[in-house]
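Since the structure comes first, as structure tokens, the remarks are kept for the end.
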Amino acid sequence: MRPSAAAGGGGGGGGRRKAAAAAAAASREWLVVPASGQARVEEAGKHAVMARTGLPARDLRVLDPLLSYPSTILGRERAIVVNLERVKAVITAAEVLLPNSKDPAFASFVCDLQARVLASSSDQAAEFTDMEGESSAVTSPFPALTSTTPNELEMTNKNSNVVGGMTHSNSMPTLTAAKDGNTKVLPFEFRALEVCLESACRSLEEETSTLEQEAYPALDELTSKISTLNLERVRQIKSRLVAISGRVQKVRDELEHLLDDEMDMAEMYLTEKLTRQEISETSSRVEVDDPSQLEVDRDEDYRSEADVSNGTFIGYKPHIEELEMLLEAYFVQIDGTLNKLSHLREYVDDTEDYINIMLDDKQNQLLQMGVMLSTATVVITAGVAVVGLFGMNIGISLYADPTNEEEKRASNMKFWETTLGTIAGCTVMYIVAMGWGKRSGLLQ
């Protein structure tokens, strides 16, 4: 019995090792960039990331580098999924999760993201300090803390963080008003999204500029000299042009789709949704002493959610001006890149038309030369026919042997007259044929 138990224990150990190996294979490295800007590498599995961001598995598959997905920006309840060219990220209200990569372009993108987050955090901290200094001389609108019970202390701390229309949270950046009251600091998720859009648009713009620098000289050289090497270069350039145009078009279509759908843009306000959730939790704690009022509010919330889910809230228009301006700016940029590619495509098409015209002209010249040679062949054949007639073995006076010098001279004269007459007749026939061809428009 003991050996069998040992064998069973060995089988269980092998199963655990296989499970551990499968779990290790399922996990991957993620580069996490929090609101503080200090990036760190974490190893997490798919289920851990799903629990952390609230994303379904199909959204995480968009970030798989082994799978080919078109450019996509998905707004979910707790995260934004970004798949733009080589930029793949999961953006939450407090951090950005990036699939770790050794690509130099990825390292440059991470540096830009950290710099943007740190700069925005510094500006936000300065504005928060200035606003606290301005509000220190104003009487606080909240009651003084008279009790130190845990519930009241937590509730008072959350309420006291709402000053001057700004909600402060230790776990995420906030949307704060600037000193002039006009400019607003974008929330963390929009700053991260802006870096993603900027990186993707800049990458496509650089590829387009490189293609333009190679394409225009190659096309001009092809128009001046048609050769196999130049044709191969233009063929490769056209293939790259088609590929880049498709990628740029996908990014443009995705931005246009977001701009057309206000509800999708409203879903991307992660910080605002989290702030409303915190305020709702605080209000529920305040109203916990009045169960009847809590029940009424709960019924109203349920009815409002049902109306929104059923589409009966027709007049609802979310507050999306900030995100709309952000997306419009990069939509204009990517549309300009697409226009450059369209102009390059038109230039390629014009070059192809010009080359086809040149080739048609060469073909017409060859056909004209063929007609001229064919006509000359017909005329020469007519002359050969005359020679064949005179070469027949028929007794005529022209072939009679001369008996004296006078007949000999006359015979030679007839020979040259016949020869020159045949040549002149063939020449006249050729000239007449060419004149008729030009007059009828067949020849130039």
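Glycine too: its Cβ is placed from the backbone N, Cα and C atoms.
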In Swiss-Prot, of the candidate ranges 128-155, 268-295, 296-323, the one given as region 'Disordered' runs 128-155
Among 79-99, 415-435, find the range that Swiss-Prot records as transmembrane segment.
-> 415-435
When the pLDDT values for the coiled coil (195-258) are averaged, what is the result?
-> 94
